[in-house]
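Per Swiss-Prot, these features apply:
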COMPBIAS  263-274  compositional bias 'Basic and acidic residues'
REGION    28-54  region 'Disordered'
REGION    224-274  region 'Disordered'
Amino acid sequence: MAIVKCKPTSPGRRFVVKVVNQELHKGAPHAPLLEKKSKSGGRNNNGRITTRHIGGGHKQHYRLVDFRRNDKDGIAATVERIEYDPNRTAHIALLLYADGERRYIIAPKGVSAGDQLIAGALAPIKPGNALQLRNIPVGSTVHGIELKPGKGAQIARSAGASAQLIAREGVYVTLRLRSGEMRKVLAECRATLGEVSNSEHSLRSLGKAGAKRWRGVRPTVRGVAMNPVDHPHGGGEGRTSGGRHPVSPWGFPTKGAKTRGNKRTDKMIVRRRK
């Protein structure tokens with residue numbers, strides 16, 4: 001990984017900071033593991049905008065990533081290559097299993113082409129191997145953590161993400177997440193050892209608005225720049241500050257208001273995030 005600052009040969013290049021990884025595969029992705037990905041422009045079946053700031057962008061294919069890793073226990077796999085994935089911040093690794101099947105997984109940090117990986121209860125403790133949490137030593141760093149056994153990884157999947165296994169008690173283990181939250185998870189759930197690759201992703205700078213448009217992100221208009229019919233902060237003679245505490249276009253408090261409402265899983269949280 002290398003952080004590259006572009007020379008200011010044009011206004012659009014002046015602030016560009018790239019993360020360059022020479023190990024990334026330069027060819028096409030593995031075709032059998034691709035699926036069509038259609039664009040909605042943020043509209044639903046009625047043609048109405050349900051998610052703002054979506055539209056345009058380069059055409060993409062979805063890579064089918066194996067988040068479960070539960071039906072290849074004991075079958076060794078060789079990392080064929082590490083690839084870029086436009087659908088996520090992390091890189092993905094193409095595995096070739098001993099039975100001849102190929103699958104994508106989230107690429108762990110430090111894993112490169114030619115490495116051997118395996119999943120299952122007897123897998124050695126090394127980055128990239130997937131085990132049940134009850135078989136992972138206390139103090140280990142893990143990612144791709146399930147919340148329900150067999151459902152597939154849900155926690156710590158983005159670039160540089162990880163959690164630390166800090167305790168094991170009965171049928172539960174306790175994890176410390178990057179947010180500072182400490183949470184109980186069933187020991188039957190699976191996780192992958194190590195942290196997610198591409199941890200330098202947060203250091204990049206796109207440099208210009210057009211680079212966001214290439215990614216399918218449209219501009220965000222401030223509420224105070226709108227008319228009263230469009231936003232609670234809109235209207236007024238001349239420039240105004242909105243005249244009230246910040247709210248969304250639908251009048252709900254924003255900028256710090258708590259939105260968590262899942263009381264059913266409150267019992268699994270040992271300590272709230274910072």
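Placement of Cβ uses the backbone N, Cα and C atoms for every residue, glycine included.
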Secondary structure split (DSSP) over the region 'Disordered' (224-274) reads 8 helix, 5 strand, 38 coil
With DSSP, how much of the region 'Disordered' (28-54) is helix, how much strand and how much coil, in residues?
-> 3 helix, 6 strand, 18 coil
